[in-house]
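What TrEMBL annotates here:
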DOMAIN    17-125  domain 'Ig-like'
DOMAIN    133-228  domain 'Link'
DISULFID  Cys179-Cys200  disulfide bond
DOMAIN    255-353  domain 'Link'
DISULFID  Cys305-Cys326  disulfide bond
Amino acid sequence: MGLWQCLEVSWCPAATPRLQYLLEPLHTAVHTQRGATATLPCVLRALPRNYRVKWSKVEPANYGENVIIITNGLYHKNYGPLSPRVRLRHNHRYDASLTITDVALEDEGRYRCQLVNGLEDESVSLTLHLEGVVFPYQPSNGRYRFNYHEAKRACEQQDARLATYQQLYKAWMEGLDWCNAGWVLDGTVHYPIINSREPCGGRLLLPGIRSYGAKDKQRDRFDAFCFTSALQGTSSIPQPCVVTLGLLTESSPSIISHPSPGEVYFIRGHLSFKEAGQACRNHGATIAKVGQLYSAWKFLGLDRCDGGWLADGSVRYPITTPRQRCGGLPEPGVRSFGFPSKELRTYGTYCFVGT
């Protein structure tokens, strides 16, 4: 189609500049888990004179890019918080691929490999996806209590981070149905609906992600949608232990004695919140965080019908195989008893040991 034809119609596609020096990656998405090593491919087809390759991470929360590493093929320099965990793969002289070790939750997102060569700059974009699970979160004093910054901290305190919109959308496609609106990483507010109903936008609306758009990060208050990935160093889950007022019974003395790193396990007993914390500490563990319980449920199939204390003072239990006497709901999930009295109510506890 000629230029004069494009002037007569409004649907002419924008010309995509052809890459001269960078090869188009075969796949623009790399999938990984927390704690793993991931490589984002960036390979040159030719080496121009006096060139540099710059890697950066696109940050949706502040609409900017953070430089990670710059190289001229001979020397390189690392920048920012990722610096200790990144290196160039450099399998050959045309290879400028970025390797990230010990992948963390905050590493998920979009990355850019840019060839800096005067007037001929060009770049490729790649996305690092972490396999994980999204869960809604609210504090003990009720719903809609977090401004954006408080929601961000709350997720981090539960071994998670604020979910991205893409993570929330994927969770909705996998069945997440939640009527309370919550913050996501870019400062917008949404809630996912599978079953349309009156309190959640009405019965006439189709299922989908209901959106409030961008809200005031200081003033407006909602819940949070948190995202967590696999526990680091996970292996098999120990069988349940029995504790009475923080003391291990004779029935399973060796089960807690040598737990593997990165495990969530249940201690059965009638424990107050304080006693639950001591029971975990007695065996070199801590009370599990909400994100750690979700991770064990999602990735290791943790399935228990017993409510147990978690670090935030809530009581929850993970169900992989739904059954009538375990909440009665037909879908797998982490069930919640809310935030009962820490002194007057007694439950078992979920402990976590690991890095």
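Cβ coordinates are placed from backbone N, Cα and C, and glycine is handled just like the others.
All TrEMBL annotations are machine predictions without curation.
Location within the structure of each feature annotated in TrEMBL.
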{"residue": "Cys179", "record": "disulfide bond", "Cβ within 10 Å": "15"}
{"residue": "Cys200", "record": "disulfide bond", "Cβ within 10 Å": "19"}
{"residue": "Cys305", "record": "disulfide bond", "Cβ within 10 Å": "13"}
{"residue": "Cys326", "record": "disulfide bond", "Cβ within 10 Å": "16"}
Handout entry: Segment confidence, the domain 'Ig-like' (17-125), expressed as mean pLDDT
Key = 91
Exercise for the section: Just give the helix, strand and coil counts over the domain 'Ig-like' (17-125), going by DSSP. Expected result: 9 helix, 48 strand, 52 coil
Practice task
Go ahead and report the DSSP secondary structure tallies for the domain 'Link' (133-228): helix first, then strand, then coil.
Solution key: 22 helix, 30 strand, 44 coil
Fill in the blank from the handout: Integer Å value for the Cα distance linking Cys179 (disulfide bond) with Cys326 (disulfide bond) is 22
Handout entry: Inter-residue Cα distance where the pair is Cys326 (disulfide bond) and Cys200 (disulfide bond), in Å
Key = 26
